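Listed features, source Swiss-Prot:
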- 75-104: NADP(+) binding site (BINDING)
- 310-497: region 'Disordered' (REGION)
- 346-367: repeat '1' (REPEAT)
- 388-408: compositional bias 'Polar residues' (COMPBIAS)
- 408-429: repeat '2' (REPEAT)
- 459-476: compositional bias 'Polar residues' (COMPBIAS)
- 474-495: repeat '3' (REPEAT)
């Protein structure tokens, strides 16, 4: 049965020649089990869809092992023959997905198959028709197990069903389709453990406003759509709810003059958007499931809106739940990377910015080899200097180290013009003037003795004969100014014998 499910439709397949399921693929599983035969209408419908694959009977015979393994490139679309669903099928096929289209009646899917066959895709490996699978699935009447079999191993489920606008007199239409059928699909998707569920509802499902609230005149359709949203949120499945604006009047060319706007829930109560733009948004959500994880978005189109990527607009919408961490894929035989040893960052910024480093003080030059031999005085000074000039660790510098020239503390050694004028130093008297003063006949010996006592040093020690020659200036001004010298008292003459 699984081989027959994957085989292309043919009137005479090699292993199922004459089988009713091969000749009449559009018959449902329930009809085949009753032994229903093929009609001329069913065979004529095959001429319009020779390349489509039908999984109506094969889905029921799928093994549990095939259900447990989900295929990320396989999408199940409920309402694939509708305005949004048919465009979503084509958009998914353009992006490289395989689509399993769930329809009520396979006869009505012929136009969908023809539109898919006319697509032009970049991938020449498989034709667009080979990526489409038609499966009959009535969400209102079939049991949950049949719906799970129809979903199969699809990883993504898209629900774009809704009550028909033509049956406006059907009072129970919004309840049966917008709520009950959607709820049945949600429960089946939960049982099938799909990875993402995309639900298309409408503006105003959670906010009362004009003109969206006028849709509730159609037998409370917004209230039932809100009940379907609550059922999906409470199921625990990863979901994305799309609330588009009015899609009745805009055509596919609407996107050429109106840019798509993706907003947070309960932002708009009115607006227009085309079916094609909503289908492109659904395909973008399926391609970026982690970005659209558990989000409720509203979609309208405006002429004044900027043209922004849909992925960026989805990323700005807050999520209802935190997405799970991505699993780490570790290949067999792959050695773990070695930890990178990070060098310590220096505290000084001068290592990175050399131009900011302040100028260093000039280093003293070592003495040349032709320097004169140090005297005993220099050796003693060097010994005391070695004790004072110790390093930061307290180790004294040995005498054997070369004597370094100390930097002078005064700036006058480099800048002579800043040096203040020095006070005039008195010139020492000559030896002739000192001898004339001491040999003057007018000076009595007592005055000379008193002068010697007065001309003493600061500590009271009388000046000796050797120190008298080194005396700088006499204390008496009479040596220079004779006219100021007072008259000396007459010296008595010695008596003559």
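Counting starts with 1 at the first residue shown.
Backbone N, Cα and C define each Cβ position, glycine as well.
Overlay of Swiss-Prot annotations on the structure.
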{"residue": "75", "record": "NADP(+) binding site", "Cβ neighbours (10 Å)": "27"}
{"residue": "79", "record": "NADP(+) binding site", "Cβ neighbours (10 Å)": "25"}
{"residue": "83", "record": "NADP(+) binding site", "Cβ neighbours (10 Å)": "17"}
{"residue": "87", "record": "NADP(+) binding site", "Cβ neighbours (10 Å)": "23"}
{"residue": "91", "record": "NADP(+) binding site", "Cβ neighbours (10 Å)": "21"}
{"residue": "95", "record": "NADP(+) binding site", "Cβ neighbours (10 Å)": "15"}
{"residue": "99", "record": "NADP(+) binding site", "Cβ neighbours (10 Å)": "27"}
{"residue": "103", "record": "NADP(+) binding site", "Cβ neighbours (10 Å)": "23"}
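Remark: secondary structure over the repeat '2' (408-429) totals 6 helix, 0 strand, 16 coil, with classes taken from DSSP.
Under DSSP, residue 75 (NADP(+) binding site) is assigned to a strand (E or B) in the three-state scheme. Taking the repeat '1' (346-367) as a whole, pLDDT averages 74 in the prediction. Each residue in the repeat '1' (346-367) gets a DSSP state, and the totals come to 6 helix, 0 strand, 16 coil.
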